[in-house]
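This report refers to the structure that appears directly beneath it.
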Amino acid sequence: MRLIVAGLMVLALTGAARAAEIVRVAASGSVPEVANRLVVAVEDAGALVFARVDHAGGAATVGMELQPMELVVFGNPRLGTPAIREAPMAGLVLPLRVLVYTDGDGTWLAYQDPGEMIAEVGGAADAASVAPIRKALEKITATAAGG
């Protein structure tokens, strides 16, 4: 019983870890179309696309199936560097990642809130460096979602 109480006290004092909120943005078009628009929106915003991962394509190489799904990894050093300077462990969650996927309700762009991700690794969710990252991510995903 003492061990349980001690464990609860530690959790109360340190705060239980929780995953960053997942933001979902409804998109029009197929996964490849939306992923292509996402890449264009990233580049138009002056950011760099570091990787584009076709999860369904990867699954197919081992004889498995997934719904269409692509992960786009991107960032803008002008925006990310200040956040990493303030909290070096932010380098674990930057560059940003957006998942483009489809389910029974349509095609989606999904990402984790950058402030919450940075807070999870010891930074401040409300740091001045986070707002420009969040704003750029919202604009990029809204553009990629189409209309």
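Using N, Cα and C of the backbone, Cβ positions are placed for all residues, glycine too.
Copied over from TrEMBL:
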DOMAIN    53-114  domain 'DUF302'
SIGNAL    1-19  signal peptide
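Residue counts for the domain 'DUF302' (53-114) under DSSP, helix first, then strand, then coil, are 22 helix, 24 strand, 16 coil. Mean per-residue pLDDT, taken over the domain 'DUF302' (53-114), amounts to 97.
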